[in-house]
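Per Swiss-Prot, GTP binding site is recorded for 32-39, 59-63, 77-80, 144-147, 177-179, and the stated evidence type is sequence analysis. The Mg(2+) binding site annotation in Swiss-Prot covers 39, 61 and is backed by sequence analysis. The domain 'EngB-type G' annotation in Swiss-Prot covers 24-198, and the record cites sequence analysis as its basis.
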């Protein structure tokens, strides 16, 4: 692991676009449905337990959370979508904010889409891929919680996910990931290194 990830620290949160930090430097955002393990993935990638808050309550992460690696580089935890028990008006606001962030944020240089390996490509995942394709953003898909399946089943799910992706977004890449047994951590770190311009 590059030591820069271990220097990650919470920088701030934004509920609206006006609260975002200055649009400069480089950011990689983590997106996904509620309770797919985005926060756990960020914690595992940085090696800092508890950096990004995790919760058994879906939708708990309702703000855009920024984690700073250095003066120019950030990891961003986007709001989870799908199960949050909030009014529809709030959900619409989240979607508008997310859409605007993806379309307008110049510092954004890549998206990590976190997908539960047992529930491949829900409507939100496909919407996210469409947003990224229209913007020309590179995407890395983490099939998280791969430890929940036996190796054969996990590899079968990976093949299925990869085949489907070739039809909808051939530029994206898919990998297995588990925050529990650390499957795929080095692979996603290598991708982040490339996007963020981090040396060895």
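Keep in mind that glycine also has a Cβ here, set from the backbone N, Cα and C atoms.
What Swiss-Prot annotates, mapped onto the structure for a quick look.
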{"residue": "32", "record": "GTP binding site", "DSSP (3 states)": "strand"}
{"residue": "38", "record": "GTP binding site", "DSSP (3 states)": "helix"}
{"residue": "63", "record": "GTP binding site", "DSSP (3 states)": "coil"}
{"residue": "79", "record": "GTP binding site", "DSSP (3 states)": "coil"}
{"residue": "145", "record": "GTP binding site", "DSSP (3 states)": "coil"}
{"residue": "177", "record": "GTP binding site", "DSSP (3 states)": "coil"}
Request  = Do me a favour and check the Cα-Cα span between residue 79 (GTP binding site) and residue 39 (Mg(2+) binding site); whole Å is fine.
outcome  = 10
Request  = Using a 10 angstroms cut-off on Cβ to Cβ distances, just flag whichever of 32, 79 is the loneliest among these binding-site residues.
outcome  = 79
Key: Nearest-integer angstrom distance between the alpha carbons (Cα) of residue 145 (GTP binding site) and residue 39 (Mg(2+) binding site)   = 12
Query = Which of these binding-site residues has the least crowded Cβ, counting other Cβ atoms within 10 Å: 38, 145?
reply = 145
Ask   = Hey, which of the binding-site residues 35, 39 is the loneliest by Cβ count within 10 Å?
value = 35
Remark   = With the fewest other Cβ atoms within 10 Å, the residue among the binding-site residues 63, 177 is 63
Task = Report, in whole Å, the straight Cα-to-Cα distance of residue 39 (Mg(2+) binding site) from residue 63 (GTP binding site).
result = 12
